Amino acid sequence: MFERSRFTIDQIDPEVFAAIQQENQRQEDHIELIASENYTSPAVMAAQGSQLTNKYAEGYPGKRYYGGCEYVDVVEQLAIDRVKQLFGAEAANVQPNSGSQANQGVYFAVLKPGDTIMGMSLAEGGHLTHGMALNMSGKWFNVVSYGLNAQEDIDYDALEKLAQEKKPKLIIAGASAFALRIDFERISKVAKSIGAYFMVDMAHYAGLIAAGVYPNPVPHADFVTTTTHKSLRGPRGGVILMKAEHEKAINSAIFPGIQGGPLMHVIAGKAVAFKEALTPEFKEYQQQVVKNAAVLAETLIARGLRIVSGRTESHVMLVDLRAKNITGKEAERILGEAHITVNKNAIPNDPEKPFVTSGIRLGSPAMTTRGFKEEEARIVGNLIADVLDNPHDAANIASVREQAAALTKRFPVYG
């Protein structure tokens, strides 16, 4: 019925096809610095676009509620085995459709409404699923938050004191806008001292952790959640890693607890990405991600910008824009006009509203994927500073855009 030559997107839906082509061109032409974005390989995209999207497979490998699952069982088991090998985990669930749903799965497995949880404050670098008031985690649970000290590192002493006082049932580590290394072992000891579960959301750092360039939380945590995109460079989705003793509870929480049939085409993409992440080339890539981030931060500092925490020890950094008298919202827009894509982001104790902000968040994974190294990272840092020095000079923006175009032309994403 479906002849491949006749049922192509451009023939069936020219509007969607045009938008896809335009987005492809945008990705090729713009320098991508959003820390949570990356470029997947053609192999990952091919898996996601396969016939596996047709298959319903409620349950788990070998224990399905539908027939005809023998081949999707192979795919899901490969994903499980590979992600366990990648991070040294005892057990894994690869079915969560997102990082947020992975977190929700852990909460559903071990918490009851009204229990106390403790996570990093969203205002100081945490994630909204760690207890933000408007999120399910903030509505269903009693939330206490820890934050940063005067040096803009995690205040571990205050964290321990708060945990001893409030006795949360679950302590959450991980962040969406924190540049330094997190001491997972220390937080784990705090959790153990009060009998709390310890969960790490490593979504931002997963690729670095897989390559050994950022501390691995898996030996220290009861549960580790992650997205499979971002620095891991896979499809958009989630994963839960856990101690073997928690596997049954987590599996039940995901299905039938909060999800029905898994997205087998996405799980196939995850399996492919995990195989890619097990290669020496992926380790070299992540080493370059960290090098590029360091050079980018150093360049911005040399140009008079303040980096929150003073440096980066990972792939991500927050830039304080107050000295330039420009908001994060405005900087995001103007840098976008120069074909440099960033996102506005609150800085610690930000006086601006969340939709305005006093900062921008930058990350190095995507530009490193397209081949940028230290020289290019330095150029990018100077281009950003050039824009922020004269944000309302049209000629300046045009000049930066031309220089950005020269860079992206030299380093195509999909070539």
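Just so you know, glycine gets a Cβ as well, placed from its N, Cα and C.
Keep in mind that what you see is a predicted model, and the values were worked out from it rather than measured.
Look at Swiss-Prot and you will find Leu122, Gly126, His127, Leu128 tagged as (6S)-5,6,7,8-tetrahydrofolate binding site, backed by sequence analysis. Per Swiss-Prot, the feature N6-(pyridoxal phosphate)lysine maps to Lys230; the stated evidence is sequence analysis. As annotated by Swiss-Prot, site 'Plays an important role in substrate specificity' applies to His229, with the evidence given as sequence analysis.
Feature annotations (Swiss-Prot) mapped to structure.
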| residue | record | Cβ neighbours (10 Å) |
| --- | --- | --- |
| Leu122 | (6S)-5,6,7,8-tetrahydrofolate binding site | 24 |
| Gly126 | (6S)-5,6,7,8-tetrahydrofolate binding site | 24 |
| His127 | (6S)-5,6,7,8-tetrahydrofolate binding site | 24 |
| Leu128 | (6S)-5,6,7,8-tetrahydrofolate binding site | 17 |
| His229 | site 'Plays an important role in substrate specificity' | 27 |
| Lys230 | N6-(pyridoxal phosphate)lysine | 28 |
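Cα separation, Leu128 ((6S)-5,6,7,8-tetrahydrofolate binding site) to Lys230 (N6-(pyridoxal phosphate)lysine), rounded: 17 Å.
Excluding the listed site residues Leu122, Gly126, His127, Leu128, the same chain places Gly119, Met120, Ser121, Gly125, Thr129, His130, Gly131, Met132, Asn135, Ala175, Ser176 with Cβ atoms within 8 Å of the centre of the (6S)-5,6,7,8-tetrahydrofolate site Cβ atoms. Ranking the binding-site residues Leu122, Gly126, His127 by the distance of their Cα atoms from the Cα of His229 (site 'Plays an important role in substrate specificity') places His127 first. Across the structure, Gly126 ((6S)-5,6,7,8-tetrahydrofolate binding site) and the residue listed as 'N6-(pyridoxal phosphate)lysine' are spaced 16 Å apart at their Cα atoms.
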